[in-house]
Amino acid sequence: MRLADKRILLGVSGGIAAYKSAELVRRLKDQGAEVRVVMTRSAKEFITPLTLQAVSGHPVADSLLDPAAEAGMGHIELAKWADLVLIAPASANLMARMAAGMADELLTTLCLATPAPVALAPAMNQQMYRNAATQANLETLASRGIQLWGPDSGSQACGDIGPGRMLDPLELVEHCCQQLASEPLLAGVRLLLTAGPTREALDPVRYISNHSSGKMGYAIARAAREAGAEVTLVSGPVALATPPGVTRVDVESAEQMHQAVMSRVHECDLFIGCAAVADYRPARVAEQKIKKTGDNDQMVLTLVKNPDIIAAVGALPDKPYTVGFAAETVDVEQYALDKLARKRLDMIAANDVSRAGQGFNADDNALTVFWHGGQAPLPLADKLTLARHLIALIARHYRP
Ligand code: C5P
């Protein structure tokens with residue numbers, strides 16, 4: 001009963017996924033939550049208030065201007081009653097109204113009036129989800145601290161395939177449990193994390209590097225700190241601000257990163273290797289700037305292998321819980337599983353960097369996370385949302 005005594009106000013807006021709301025109410029109640037349901041006008045075209053009244057055990061509220069309802073639990077009282085407002089499904093239209101700050105019916109009014117955290121489970125056609133107006137609204141809502149849970153990606157009721165599916169009711173229940181948990185997920189856990197690219201010097205002015213921006217690693221550092229972890233971030237050169245409360249150690253090369261990690265790894269419980277470490281470095285670093293010569297059109301560089309930092313952590317006898325990343329352009333799952341075994345990791349987050357708009361240097365990403373005996377997709381989302389989901393997943397599997 002992870003939600004015992006928790007009060008959840010479930011908002012249902014108009015979308016085909018509203019048929020799952022009844023199941024969601026039951027699963028929330030399984031965990032001990034008290035659930036009250038508020039429906040929009042159009043939600044009632046998809047599921048009847050009677051169904052949701054029957055499963056929640058309370059009359060469904062749907063009107064802002066109903067004297068009888070206001071005489072019972074009025075809208076301000078209802079807004080104050082909730083420990084969490086969850087809107088599932090959240091339609092494109094509802095999110096547009098919320099982004100505009102409208103109070104045009106009971107549910108939108110409650111969202112303005114509640115002091116409780118508000119979470120949305122978006123559900124709509126993939127094209128509607130991708131539309132710039134919807135994305136701008138989502139960004140606005142997220143910037144105001146409204147949480148976005150999902151959407152999932154896959155086949156849709158309309159026959160399309162893509163992002164916009166409402167998260168499964170059980171996943172939404174898990175989010176509620178984490179949101180309302182009294183103890184932060186990683187309270188007191190010491191996390192050591194690598195992020196960003198490395199630079200492998202050729203001479204005093206040149207280096208070999210890659211396109212890693214460090215955004216994913218920095219988002220993980222922030223999410224882990226939010227979840228109560230003590231975070232040390234070993235960072236390659238990036239143009240990002242250190243997340244609040246995070247200790248940052250700056251390095252340039254893979255060898256420096258290796259050294260910075262190995263000297264601190266014994267003081268951590270959890271290690272996440274998010275850095276895009278250069279696999280090879282120039283065999284020798286010229287002391288002076290290498291000059292181009294008139295007689296040579298080609299230049300041959302000899303590279304030597306860098307230490308594999310995460311494999312070195314995985315090989316320690318008393319290794320921390322170790323999470324790696326795999327950025328691949330083909331056969332993502334196969335390579336990820338191979339790395340999980342070969343580098344002795346506990347978990348690996350794989351992303352397909354061949355897809356436009358996600359992965360390296362992008363603001364959004366999608367991951368598939370593998371561990372021994374299981375896997376979970378973390379659908380396309382901004383990197384902070386994704387990092388929070390990843391931290392929640394790690395917290396569920398991490399055993400000190
Ligand atoms: O083998 P590959 O580079 O694809 O593995 C990626 C994972 O290994 C990431 O977690 C990355 O941070 C880590 N890694 C490392 N040291 C290296 C190469 C990769 O820690 N030299």
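Cβ coordinates are placed from backbone N, Cα and C, and glycine is handled just like the others.
Annotated in TrEMBL:
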type     : residues                                                                                       : note
DOMAIN   : 6-180                                                                                          : domain 'Flavoprotein'
ACT_SITE : Cys158                                                                                         : active site, proton donor
DOMAIN   : 186-396                                                                                        : domain 'DNA/pantothenate metabolism flavoprotein C-terminal'
REGION   : 191-400                                                                                        : region 'Phosphopantothenate--cysteine ligase'
BINDING  : Gly273, Cys274, Ala275, Asp279, Lys289, Pro307, Asp308, Ile309, Ile310, Phe325, Lys339, Lys343 : CTP binding site
Cys158 (active site, proton donor) and Ala275 (CTP binding site), Cα-Cα, nearest whole angstrom: 40
Cα-Cα distance maximum in Å, computed over every pair in Gly273, Cys274, Ala275, Asp279, Lys289, Pro307, Asp308, Ile309, Ile310, Phe325, Lys339, Lys343 that the record assigns to CTP: 37
Candidates near ligand 1 among the recorded positions Cys158, Lys289, Asp308, judged by a Cβ under 6 angstroms: Asp308
Per-residue Cβ crowding (10 Å cut-off), top of recorded positions Cys158, Ala275, Ile310: Ala275
Rounded Cα separation (Å) that holds between Gly273 (CTP binding site) and Cys158 (active site, proton donor): 40
Spatially closest candidate among Lys289, Asp308, Ile310, Lys339, the listed binding-site residues, to Cys158 (active site, proton donor) (Cα to Cα): Lys339
Secondary-structure category, per DSSP, in which Ile310 (CTP binding site) falls: helix
Those residues of the chain, 6+ apart, with a Cβ under 8 Å from that of Asp308 (CTP binding site): Val277, Lys343
Lys339 (CTP binding site): secondary structure state under DSSP, collapsed to three categories: helix
Cβ packing number for Gly273 (CTP binding site), 10 Å threshold: 27
